[in-house]
Amino acid sequence: MKPRILVLGDVMIDHYLFGKCDRISPEAPVQVVDVQKEELVLGGAGNVVNNLLAFGAEVGIISVVGEDANGIWLEQRFQEKGVQTYLLKENRPTTKKSRIIASNQQIVRVDREEKKEIESLTQQKILNVFDRVIKEYDLVLLSDYDKGVLTKEVTQTVIQRSSVPVFVDPKNDFEKYRGATLIKPNKKEASKAVGFLIKNEEDLKRAGWKLKKELDLQSLIVTLSEEGMAIFEEEMMRIPTVAKEVYDVTGAGDTVLAALGYAVAKGKNLKEAAVFANLAAGVVVGKVGAATATLEEIEEYERSIRKAPTEEFIKDFEEIELISKDLHKRGKRIVFTNGCFDILHLGHVKYLQKAKELGDVLIVGVNSDASVKRLKGDDRPINPQFDRAYLLASLEAVDYVVIFEEDTPYELIKIVKPDILVKGGDYKGKEVVGSDIAKEVRLIDFVEGKSTTAIVERMRSC
């Protein structure tokens, strides 16, 4: 069954003039663009609608337009696309943003708009429509471009009256989003809301928890451009970016909001929804203009970025020292774990996936063959060290693998200086090697019944 999603917010027209630019005007020192193509598309909250339609959702839109030709165009366009359309009219210009683009580069943007709040009577009409139709929808998306539709009165009333989750793409006054299910500011917006600049991981944590608590939010997602996203629920979780090429970030925030709403309405949890949204954004920033991504494009994109097994991710001590220094310099959170990983199994994979979720980069130390033999006996390892390292390096969760000769990874940990040191749940109450170096030690429970020793014993009994 298709999810049914209601969008409220500022609709506008995105107007594109595509052309060629290879000369300077004789009238003034400015570029001349020879227009070759012109497009009008749904923008603002309308672009959120476009993205939802591309995913396959059933969509409704509540907004305000002017009593002008652009308002008529928007209404007709929504209706042509099969959108349940509730557009109220006021004596104000319909927002239109014109972008002139040459050689895939935006030269200039011209805005025609009115930013003042909509009239009190119009606000009441919006709420009347909302009360009448909300029972038909699974989720509400508020797309705020600060053009006057989502006033504090409208926003707060919608949040309080909604019987379904309300997700918000915020702008400026965050207080009006109090009590929302989720808001998704970018780093700049979040910094402005908390009153301090987010410069590193600690700033990000402080800002995220502050916003979540003070605004009484169920969840919060801070989008971090090329650094991915940070999810704040019961714990903070990082989702790395997946964009390969960035041509135009126009509308990427709309895509993320739409993708989050669509995935949650389809029954996904927030982490799964964020991964889906990240992939969708990776598709659209590779296009020009306020683009959309279909489910087929997202699936194809996901396949294209899957990590291929390669020895390039297997490093020696010297290489990992340089890499670690660079990662620390860039403020990345390094997670480190280690083990023999003799026969890679489900328990290992799930353990490593959970470890990766704790930071930005996962480095895995692997015992050498000689080290395994000393620890496990003369009949081990089953698989030689390079094979074990290669298999680990092929996992999506693992960023780097280092083989160490010692019985413990202490010397390697001294080089890496991880932010988080991860060991299995069986280390509860035991001293963890390297705990004096890492900033934090985390224990992750293994999958019950999954162990290399058990597999080896079953093999021997055959």
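Every residue number used here counts from 1 along the chain in the order it is shown.
Note: Cβ is positioned from N, Cα and C throughout, glycine not excepted.
Record features, source Swiss-Prot:
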type	residues	note
ACT_SITE	ASP254	active site
BINDING	ASN186, LYS187, LYS188, GLU189	ATP binding site
REGION	1-309	region 'Ribokinase'
REGION	336-462	region 'Cytidylyltransferase'
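If you count neighbouring Cβ atoms within 10 Å for each of the recorded positions GLU189, ASP254, the highest count belongs to ASP254. The record gives ASN186, LYS187, LYS188, GLU189 for ATP. Within 8 Å of the mean position of their Cβ atoms, the other Cβ atoms in that chain belong to PRO185, ALA190, SER191, LYS192, VAL222, THR223.
When pLDDT is averaged over the region 'Cytidylyltransferase' (336-462), the result is 86. According to DSSP, the region 'Cytidylyltransferase' (336-462) comprises 48 helix, 26 strand, 53 coil. Between the CA atoms of ASP254 (active site) and LYS187 (ATP binding site) there is a gap of 16 Å. Around LYS188 (ATP binding site), a 10 Å sphere centred on its CB holds 12 further CB atoms from the protein chains shown. Around LYS187 (ATP binding site), a 10 Å sphere centred on its CB holds 19 further CB atoms from the protein chains shown.
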